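Participant: Supplied in structure tokens, the structure appears directly below.
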Amino acid sequence: MIILGIDEAGRGPLSGPVVAAGVILDQDKIIDGLADSKKLTEKKRQSLYQQIITHAKAYTIVEINPQQIDELNILQATLKAMHQVANNLERQFDKVLVDGNKLPNWDYNSEAIVKGDSKIIEISAASILAKVHRDNICLEHDRLYPQYGFAKHKGYPTKEHLENIKKYGVLDIHRKSYKPVQVLLNE
């Protein structure tokens, strides 16, 4: 059975896209060290990212931008991204395994697996692709807006990030539907 593993990164941050990734692994090319991306060092994630994109049978990465997140809400934006991942790889898999407890509204043979990124290697691989891709976007945001410190906090609502929004203002990359950003917009 050919498995498509799907996971996302970036539901909690105040800025940047939510990213979903899907991976179909090549059973003949073993990638050692696959695990939940949150449990790996940045260096290990980068190394595994390169191995995954080189050796996977297929993969895709989808971004939903902050404006769409604001229009849909983060759950619907995440489900939309996951749906697009499956559509991008349609007819290449027998079953979809998604990290978490919710599935998009689709007709694919699928299962949501809580903590799937720690249990299923295809989901672990997707977790790594989504996290590294999103972190790279945050590094680009840091180059564009160095005063905000995106390389450090990756868009999460840290004290530093909130202080920098207050000091320098809300950017287009911020999610305006998120309460901390709304509060700062209304000050």
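All residue numbers here begin at 1 and follow the chain in the order shown.
Glycine residues also receive a Cβ, built from the backbone N, Cα and C atoms like all the rest.
According to Swiss-Prot, the record shows the following:
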DOMAIN    1-187  domain 'RNase H type-2'
BINDING   ASP7, GLU8, ASP99  divalent metal cation binding site
Participant: I'd like to know which of the binding-site residues ASP7, GLU8 has the most other Cβ atoms within 10 Å of its Cβ.
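Facilitator: Comparing the binding-site residues ASP7, GLU8, the most crowded Cβ belongs to ASP7.
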Participant: Cβ within 8 Å of the divalent metal cation site's Cβ centroid: which residues qualify beyond ASP7, GLU8, ASP99?
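Facilitator: Other same-chain residues near the divalent metal cation site: ILE6, ALA9, ALA20, ALA21, MET82, VAL98, GLY100, GLY116, ASP117, ILE123, ALA126, SER127, ALA130.
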Participant: For ASP99 (divalent metal cation binding site), which residues of its chain lie six or more apart in sequence with Cβ-Cβ distance below 8 Å?
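Facilitator: Listed in sequence order: GLY5, ILE6, ASP7, GLU8, ALA112, ILE113, LYS115, GLY116, ASP117, ILE123, ALA126, SER127.
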Participant: Across the whole of the domain 'RNase H type-2' (1-187), what does the mean pLDDT come to? Round it, please.
Facilitator: 97
